[in-house]
Amino acid sequence: MRIVVLTGAGISAESGLTTFRDSGGLWEGHDPMQVATPEAYADDPGLVQRFYDARRAALSRVEPNAAHHALVRLEDALGDDLLVVTQNVDDLHERAGSRRVHHIHGRLQSAWCTRCGERHEWYGALADGPACPSCGVADLRPDIVWFGEIPYGMDLVEQALEECDLFVSIGTSGVVYPAAAFVHWARGATLELNLEPSAGATDFAESRQGPATRLVPAWVDELLA
Ligand code: BV8
């Protein structure tokens, strides 16, 4: 049984990381649509760097939840037949123990040098303009896919969706593309697990509502029974 799971901010909500849309559209006081863009970074790099520095710092204050752990149990059973594709830029899947996670929108804990192109694991702040460990130039940006930028590894994801027996979407509002289109690319059965029906709920063969910490463990138990 080959499964592709897509996760969004909703899977991290019960760990204490606010989602994009449940926080009334503002986030750390900013509208993600206004801050998560190359234009915003060009216009006011300090503001954008501080926005991401705050979110990177918040990671050390939260823990994975039962939904993240349930996906690890599923991976222990399925191995490489499970691919977790996440829109999230946090590290909760990895800290729960997931080994095969693909971040299509980048990661808070990666810094990308716009001068030499190298990427570096990064846990501290970037707003104070640290030098790139590779080229020494102070030109590191968050390694995040902003609106208008191309998500990472779309060909890998598209192939996995075309080959999978089941596509499960967890904790996403289904308004951001191309992730919101994955349900149409999926070959096999489709299931949505979300607090409330997403924008694309009717595109799924089945859609269940409830908190991820209840729905995901129950779904994994059902699958592994
Ligand atoms: C691209 C990183 C070309 C930043 C993010 C007009 C129409 C359609 C599309 C477009 C358009 N104009 C422009 C576009 C394209 C644009 C887009 O889709 N815009 C939308 C907003 C209209 N997309 C892009 O620009 C993308 N790039 O298209 O390039 C291309 C395409 C294909 C191939 C080649 C080239 C790049 C988009 C990436 C932007 N970066 N993140 C950062 O994190 O700061 S997006 C960001 O928001 C997240 O990463 C996530 O992907 C997205 C949506 O967030 P969600 O994860 O869904 O979270 P949200 O708050 O929205 O929803 C939470 C859900 O959880 C809710 O449904 C809630 O009910 C549920 N929930 C809450 N609590 C719980 C829960 N569920 C379960 N349990 C709970 N406890």
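Cβ coordinates come from backbone N, Cα and C, glycine included.
The active site, proton acceptor feature in TrEMBL is assigned to H105. The NAD(+) binding site annotation in TrEMBL covers 8-27, 87-90, 171-173, A212. According to TrEMBL, the substrate binding site annotation covers Y52, R55. What TrEMBL records for C113, C116, C132, C135 is Zn(2+) binding site. Under the heading domain 'Deacetylase sirtuin-type', TrEMBL lists 1-225.
Closest in space to S12 (NAD(+) binding site), of the recorded positions given as Y52, R55, H105, C113, C135, is R55, taking the CA atom of each residue. Less than 6 Å separates the Cβ from ligand 1 in the case of none of the binding-site residues S12, Y52, R55, C113, C132, C135.
DSSP assigns Y52 (substrate binding site) to a helix in the three-state reduction. When Cα-Cα distances from G16 (NAD(+) binding site) are compared across the recorded positions H105, C113, C116, C132, the shortest belongs to H105. Around the Cβ of C113 (Zn(2+) binding site), a 10 Å sphere holds 21 further Cβ atoms from the protein chains shown.
Considering only the recorded positions Y52, H105, C113, C116, C135, the residue whose Cα is spatially closest to the Cα of G8 (NAD(+) binding site) is H105. There are 12 other Cβ atoms within 10 Å of the Cβ belonging to C116 (Zn(2+) binding site). Of the chain residues outside the Zn(2+) site list C113, C116, C132, C135, R115, G117, E118, P133, S134, G136, V137, D139, L140 have their Cβ within 8 Å of the site's Cβ mean position.
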